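According to Swiss-Prot, the protein has these features:
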- HIS46: active site, proton donor (ACT_SITE)
- TYR181: active site, shared with catalytic histidine of dimeric partner (ACT_SITE)
- LYS185: active site, proton acceptor (ACT_SITE)
- ARG93: site 'Substrate binding' (SITE)
- ILE146: site 'Substrate binding' (SITE)
- ARG226: site 'Substrate binding' (SITE)
Amino acid sequence: MELYNIKYAIDPTNKIVIEQVDNVDAFVHILEPGQEVFDETLSRYHQFPGVVSSIIFTQLVLNTIISVLSEDGSLLPLKLENTCFNFHVCNKRFVFGNLPAAIVNNETKQKLRIGSPIFAGEKLVSVVTTFHRVGENEWLLPVTGIQEASRLSGHIKVPNGVRVEKLRPNMSVYGTVQLPYDKIKRHALEQENKTPNALESCVLFYRDSEIRITYNRGDYEIMHLRMPGPLIQPNTIYYS
């Protein structure tokens with residue numbers, strides 16, 4: 001099947017697979033939210049949160065109108081008016097970012113497939129990687145790709161993977177722990193003289209409205225990032 005400059009097929013799991021772009025063979029491998037994979041062949045491709053691809057997916061700004069291929073072959077127009085956070089880990093590389101997102105209802109979601117190409121005008125700009133439920137009849141559809149400068153994205157080498165932990169109410173974060181605000185400063189000061197040879201770790205703390213990422217040596221915090229949520233979560237919730 002063809003649309004604009006792409007050729008695509010539907011695989012046995014009912015997902016859409018992009019086979020060619022501009023008559024050049026394409027590779028698109030979609031990952032579950034938060035998934036960790038070990039496959040050295042994937043390192044040769046571009047990586048954006050939730051996808052490994054031979055295609056460079058274009059930078060998009062909020063309020064862009066996109067079109068998503070539906071199961072009947074028509075294009076559904078959607079507006080990017082929200083943001084969300086997604087990540088994956090590939091060969092110990094933590095790839096993360098705040099992504100623009102569209103809101104879809106249950107009826108629209110049922111018309112879309114994982115892997116469905118996403119267009120801006122007639123240009124392929126991304127693919128559907130996942131959905132995230134935010135209400136009884138409301139889902140976020142994140143659009144992954146290169147991020148504009150006003151949205152945080154990046155990648156970090158994480159020798160020991162990424163631990164994901166839900167932020168409890170009224171807690172602050174330092175390093176690998178969350179504590180009440182009146183205790184966090186003392187805890188931070190206590191880490192100043194800890195051994196420099198401790199294991200490094202990366203921890204992602206989350207609540208509905210906020211994401212925190214820390215990179216640490218033992219309990220000593222080296223880096224601390226804060227950005228908006230929500231965290232896109234997998235269908236099977238395994239986060240604490």
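Glycine is treated like the rest: Cβ placed from N, Cα and C.
From a predicted model like this one, the values you see are computed outputs, not experimental measurements.
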Item checked: Residue among recorded positions HIS46, ARG93, ILE146, ARG226 with Cα closest to the Cα of LYS185 (active site, proton acceptor) -> ARG226
Note to self: Whole-number answer please: how many Å between the C-alpha atoms of ILE146 (site 'Substrate binding') and ARG226 (site 'Substrate binding')?
What the structure shows: 19
Item checked: Closest of HIS46, ARG93, ARG226 to TYR181 (active site, shared with catalytic histidine of dimeric partner), Cα positions, recorded positions only -> ARG226
Next item on the list: Express the distance between the Cα positions of ARG93 (site 'Substrate binding') and HIS46 (active site, proton donor) as a whole number of Å.
Entry: 12
Notebook entry, point to check: If one measures from the C-alpha of the residue listed as 'active site, proton donor' to the C-alpha of ARG226 (site 'Substrate binding'), what distance in angstrom results, rounded to a whole number?
Noted result: 25
Notebook entry, point to check: Including all protein chains displayed, how many Cβ atoms other than that of ILE146 (site 'Substrate binding') lie within 10 Å of its Cβ?
Noted result: 15
